[in-house]
């Protein structure tokens, strides 16, 4: 594939997004008043800071996701050559999956997969 | 590839099976039986330690990625005894604090995983295995440092540790990539034959060295040590200063004396300077410490400086003395940390002031502490004296008289602060000394092994001859 | 033509990297970091390391950035801006960085790298074969050890994040809407009482 196409694609992307923003700034009607700057235009103002601390559960899910993400990265090349390598590849991947499967079982048992 | 050739990895396979068994037991054991996990883990690891001393063949596996010889085998055995002693010493703390919260097995799982990483690091035949071993040995320790998560300092220690460890391993990896770029291979064997001192290899070597220097807490990379030791649970501080540092010093020795030998004219002056800086910084900062964990942290930095003294020689005598010194250091520091652990898990006191008058109330504990500090300082009857003496001989035999002289000055400084603790225990009366208490059987056994190790290494000279014989493998 | 793409990517990466370390809001830093990681994936594509580029996108841009974002959101005072360092200190660190950069660039450019005569793309099948091979140049041992590393990381993360039962009470429940509502109600009632008592007087 010609690399010119990539450059054209890149430039088109930049021009389209920047152009759309610029145009909408240019032609949209503007109004500004104090009410508009409130976090909620109707209803109550918020109590306390609007940023809330996330639960630690999100983090746990993210880290588990990441670990299995890395695992998948190793599974892909295995899957490509599995046909030609046969049983030995199967044994190797079974060890790999068994170890990580135990990890998953541990996470399950400890309630890391449960949303509280 | 025959199946019994995997026996070369006996240490790794056994330890890995223990991890799996403990994990499965953790999954299926009902909650009220969890307290038996400590005994189970101790029995498993005791068997592993005992089996570890059976002789093992030399050789390499996986095309040279994994290699073992008698020296490596011996050192893994030493690490095993060290970890076993450490487990015995921490059993009481673990039982008291952790099983209440339904987590005690994780301590063993993570500790064993870290030890497994050290095995792989020591046995590595290429930079990839080395790096993975380094990561595997570091990462679980960060989680362990945060084990007492209710304590703010424990979490803080873990954050400090993981941040500096991540930085160090990143820098190290960058260095490895440069060595790979100039040599075209990650196998130690190949690199050994092609390594020449170009600018890029030197830069790579220095970056790579920085990563290991972090683990041994040599001076420009020592900032994490005192804070992490103080915040982390005592078992983990002990593990970091004893097992982690010992293993890292050992692998540094292997790498310097084999793969990086062609760069000897570079690392010789580098180690010379670092040795002096590390000894002086560690000793001078140790003088002012009041907290026992911080005190032992700086003392262990100073000891790392002495290890460099043997490394700087690059001879077989250097190899033997370094291994001998590290082995003695492991036992001495285990004894010292063991006493701190015993007192802390009984009373929660960790300051030097609390130790005043300890001899009157707990004579046995204070005797163990005295032996350990004598050994660390290098006072004649105990093993530490011979360790330091041989190190100085090795360095002097290569003509480093100034370095040896400055090291002796450092020994004198260290004598002062080690004696401060001894004075507090034996001569001061103390306003409210720690009342008499009886330690549990595991703790007693742990301290006993550490003391026996110290005495045996010092008094039974065939051990040193044996180490000297083994050290021929690296020169 | 490839040079143009390289420089485009390089400019994006360097600019985002600088923006990432100099931004005073943490969340913005993370987003700039995302651009750096995507740019790195672009470089891999440019060098025909397609598998590596895909991994870079899924693991780094997909996984790690999400993890960083979540850990930033875990912080209590996220609206906090990082404080500005003293200007003397800023100049000092800038100088230090420039020195480091010049050392690295100087050494790397001075090294006589051999230019490869033939370039060939590493296919996924080749990676797979190397990954499962026992011989020299095979990576079966690191492959299995990495699974232990991942297992240890998982156990460690769960140990820290889950903790024991005693810890749960200490974690502030900031998403507890009932409590916030109750507090607000109580405050409103107090106000009403105050108003009533003042009008009576």
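Note that the numbers count up from 1, one per residue, in the order the chain is shown.
Every residue, even glycine, has its Cβ placed from backbone N, Cα and C.
Under the heading domain 'NADH:quinone oxidoreductase/Mrp antiporter transmembrane', TrEMBL lists B:124-413.
TrEMBL lists B:13-30 (among others) with the feature transmembrane segment. Sequence-distant contacts of the transmembrane segment (B:13-30) (same chain, at least 6 residues past either end, Cβ-Cβ under 8 Å): 6, 36-37, 40-41, 44-45, 48, 51-52, 105, 108-109, 112-113, 115-116, 119.
Residues or ranges marked as transmembrane segment by TrEMBL: B:37-57 (among others).
Note on the transmembrane segment (B:77-94): residues 11, 38, 41-42, 45-46, 48-49, 52-53, 104, 107-108, 111, 115, 118-119, 233-235, 238-239, 242-243, 246-247, 327, 330-331, 334, 337-338, 341-342, 344-345, 439-440, 442-443, 445-447, 449-450, 453 of its chain, located 6 or more positions outside it, place their CB under 8 angstroms from a CB of the stretch. Positions annotated as transmembrane segment by TrEMBL: B:77-94 (among others).
The annotation transmembrane segment is assigned in TrEMBL to B:106-122 (among others). Residues 11-12, 15-16, 18-19, 22-23, 26, 37, 41, 45, 66, 72, 75-76, 79, 83, 87, 90, 94, 98, 129-130, 132-141, 143-144, 147, 235, 239, 243-244, 247, 250-251, 254 of the same chain lie 6+ residues outside the transmembrane segment (B:106-122) yet bring a C-beta within less than 8 angstroms of a C-beta in it.
Feature annotation from TrEMBL assigns transmembrane segment to B:128-149 (among others). Beyond its flanks by at least six residues, the transmembrane segment (B:128-149) meets 65-66, 97-98, 106-107, 109-111, 113-122, 155, 157-159, 161-162, 165, 169, 172-173, 176, 186, 211, 215, 228, 231-233, 236, 239-240, 244, 247, 251 of its own chain at Cβ-Cβ distances under 8 Å.
Under the heading transmembrane segment, TrEMBL lists B:161-182 (among others).
Same-chain residues lying 6 or more positions outside the transmembrane segment (B:202-224) and placing a CB less than 8 Å from one of its CB atoms are 134, 138, 160-161, 164-165, 168-169, 171-179, 181-182, 244-245, 248-249, 251-252, 255, 260, 263, 266-267, 270, 274, 277-278, 281-282, 300-301, 304-305, 307-308. Residues annotated as transmembrane segment in TrEMBL: B:202-224 (among others).
Residues 72, 75, 78-79, 82-83, 86, 89-90, 111, 114-115, 118, 121-122, 124, 130, 137, 141, 144-145, 147, 188, 192, 212, 215-217, 228-230, 264, 267, 293, 296-297, 300, 304, 307, 311, 314, 318-319, 322-323, 326-327, 329-330, 333-334, 337-338, 341, 474-475 of the same chain sit 6 or more residues outside the transmembrane segment (B:236-258) yet have a Cβ under 8 Å from a Cβ within it. Marked as transmembrane segment by TrEMBL: B:236-258 (among others).
Look at TrEMBL and you will find B:295-317 (among others) tagged as transmembrane segment. If you look at the transmembrane segment (B:295-317), the same-chain residues 6 or more away from its ends with a CB under 8 A from one of its CBs are 216-219, 222, 225-226, 228-230, 237, 241, 245, 249, 252-253, 256-257, 261, 264, 268, 271-272, 274-283, 285-286, 289, 325-326, 329, 333, 336-337, 340, 352, 376, 388, 391-395, 397-398, 400, 403-404, 407, 410, 414, 417-418, 421, 468, 471-472, 474-475.
Away from its own ends, the transmembrane segment (B:323-344) comes close to residues 71, 74-75, 78-79, 82, 85-86, 89-90, 92-93, 234-235, 237-238, 241-243, 246, 249-250, 253, 292-293, 296, 300, 303, 306-307, 310, 350, 354-355, 358, 365-366, 368-369, 371-373, 375-376, 382-384, 386-388, 390-391, 434, 439, 443, 446-447, 450-451, 453-454, 457-458, 463-464, 467, 470-471 of its chain (Cβ-Cβ under 8 Å, at least six residues beyond either end). Residues annotated as transmembrane segment in TrEMBL: B:323-344 (among others).
Feature annotation from TrEMBL assigns transmembrane segment to B:399-420 (among others).
For the transmembrane segment (B:441-460), the residues of the chain that approach it from at least six positions outside its boundaries are 42, 81, 84-89, 91-92, 324, 327-328, 330-332, 334-335, 338-339, 341-342, 365, 368, 371-372, 375, 381-387, judged by C-beta separation under 8 angstroms. Per TrEMBL, transmembrane segment is recorded for B:441-460 (among others).
Under 8 Å from some Cβ of the transmembrane segment (B:399-420) lie the Cβ atoms of residues 272, 275-276, 279-280, 283-284, 286-287, 289, 295, 299, 302, 305-306, 309, 312-313, 352, 373-374, 376-379, 388, 391-392, all in the same chain and six or more residues away from its ends.
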